[in-house]
Amino acid sequence: MQSQHVGSFPPGKKITIVFVLGGPGSGKGTQCSKIASQFGFTHLSAGELLREEAKSDTEQGIMIKNLMHQGKLVPSEIIVTLLLKAMLQSGSDRFLVDGFPRNEENRQAYEKIINIEPEFILFIDCPKEELERRILSRNQGRDDDNIDTIRRRFEVFQEATLPVVQYYEKRGKLRRVDGAKSPDEVFKDVKAIFEQLNTQANGGSRAQANPLKWVLDLFCGCFGTQEARN
């Protein structure tokens, strides 16, 4: 199945991408909304993009809808192409990608099609028991076998997504936060991570603009301060 060519980012344009991963019920969407609001990121969800495309009457939309109805996985190349299309249409250069990559196939397709190294992966780490409690409490009134569905989703997350988390951890790209805390407490930890990213980006852009001037300004500033003390 061939993915459509939708274009690419202009050469030399700095694109910042952060993947947000966590088990079902870990609060990814809540944290992404807070990050997008405070730090100016465009929030994209691979699942939402697929559901939107499935509503269209295009050949690809109908195919996605049929695969979903059959309980089959949509090919990773199609997911990544939809992601790239949404990024390009947004006009933004800072993206939070929620719930992606879900598995190694997603990750490999991303590297093949978009191939922009993510700044880091925000992993909202939450114990299985807490995830179950949250999902059950928000799904009150449903039948008891819902717990089985939740546990199956968690097993899929462990089997398919945790290897992706481990891959990025080995590359020093993982930023782990304790998802068992309240949403506001989790965001305090998340905020510190993104503030550090902003600090690095601002310092890096100053140095890149004129590295010699930046070093001289820093040196002269320190020297001047020292002279004033003497």
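In case you wondered, yes, glycine gets a Cβ from its N, Cα and C as well.
Its own atom aside, the Cβ of Gly27 (ATP binding site) has 24 Cβ atoms within 10 angstroms in the protein chains shown. If you look up TrEMBL, you'll see Gly25, Ser26, Gly27, Lys28, Gly29, Thr30, Arg138, Lys181 marked as ATP binding site.
The ribonucleoside 5'-phosphate binding site feature in TrEMBL is assigned to Arg51, Lys72, Leu73, Val74, Gly99, Phe100, Pro101, Arg102, Arg142, Arg153.
The CMP binding site feature in TrEMBL is assigned to Asn106. Less than 8 angstroms from the CB of Asn106 (CMP binding site) sit Ala46, Ser76, Ile79, Val80, Phe100, Val164, each of them six or more residues away in the same chain.
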### Task
Determine the C-alpha span of the ATP site listed in the record, that is the greatest distance between any two of Gly25, Ser26, Gly27, Lys28, Gly29, Thr30, Arg138, Lys181, in Å to the nearest whole number.
17
### Shortest C-alpha distance to Lys28 (ATP binding site) - which of the binding-site residues Arg51, Gly99, Pro101
Gly99
## Note on the structure
Across all protein chains shown, the one of the binding-site residues Gly25, Pro101 with the most other Cβ atoms within 10 Å of its Cβ is Pro101
